[in-house]
Amino acid sequence: ARTLTPQTAETDAIRFLVGTQSLRYDNQIHIIDFDDENNIINKNVLLHQVGEIWHLSTSPADKGVLATCYNKISDNKVMTCAAVWRMPKELESGSHESPDDSSSNTQALELLCHLDNTAHGNMACVMWEPMGDGKRIISLADNNILLWDLQESSAKAVLSSSTALEGRGQLKFTSGRWSPHHNCTQIATANDTYVRGWDTRTMRQIYCIENAHGQLVRDLDFNPNKQYYLASCGDDCKVKFWDTRSVTEPVKSLEEHSHWVWSVRYNHSHDQLILSGSSDSRVILSNMVSISSEPFGHMVDDDELSDQEDHQQEEKSKEPLQDSVIATYEEHEDSVYAVEWSSADPWLFASLSYDGRLVINRVPRALKYHILL
């Protein structure tokens, strides 16, 4: 397995979706529901009969809708295509009891529409407009950025605008993210060692970070609470943080992994918490306080403090902020291709390795209370 996503529209139950990559069998999407009171994982399986799944993303507005990028063979060539699907009604909401015999209970996904990429090349990923009604998506296909409008309850995808990378050589996008800021008018893409920003209204490039990494850039993520801030990771084993208004140097760089870094994610609520997953089989949780939206903790009103507390508060605020690695998780025995925070619980995250192992972890309790208190 390579691809993992939280169910973005589900904010009550802790739910992740995993896509399989098998050459021999029908591929599947596993719906993973985590019952955090009893520490039990429930799983439902949906058949994805069109090919191995390279990328998964879920609608921010409709719990039942998701998109996949998958391989299919046509004219003896392998193409990566994309499609939008709906899961069965009874599986749309989280926290279902698993059937006793889940093997006999496999259901299929309902195809809503294909994102037709015959003219544009192989699909790398599909991104939903983060704050939208689930009707606008962007797909990256080889060197093309394609903006689609989903119509008639997502049964039809109309290409509304597109642009392409110009230049020498075989230019291909590896990944991209849609920014939740600026009224959702910006996306960032990765290709080769470049990170580029685009305006979705004009489809023009607005910034370019050349040689963002020494080797291929694998993944990107926007800080959800601090506009202009972007994280990237790549094959130079580094995670870097950028201010897109000044792209000559990264604001910070993390060099804790010993192999390619495949995935980086900001915590949605507490943006000092950063997850990264790598082919060194490790997941690293870092605390990047100095570049977070609350670098000095919660601001306390002076009037509420007594003199003694006031004095202690001053002492405390003089301490320099330390960015640090909070924890390194070594439960995986294979390359970790994906890390994701839960949409429902900000202290919970999942990681997925190539051997199909999914691990769910919590932020250490001491740190959680340190952040909250």
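Glycine too: its Cβ is placed from the backbone N, Cα and C atoms.
Under the heading domain 'EIPR1-like beta-propeller', TrEMBL lists 5-285. The repeat 'WD' annotation in TrEMBL covers 210-246. According to TrEMBL, the region 'Disordered' annotation covers 300-322. Feature annotation from TrEMBL assigns compositional bias 'Basic and acidic residues' to 308-321.
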- Message: On the 0 to 100 pLDDT scale, where does the domain 'EIPR1-like beta-propeller' (5-285) sit on average?
- Response: 91
- Query: How does the repeat 'WD' (210-246) divide up by DSSP, counting helix, then strand, then coil residues?
  - Reply: 0 helix, 18 strand, 19 coil
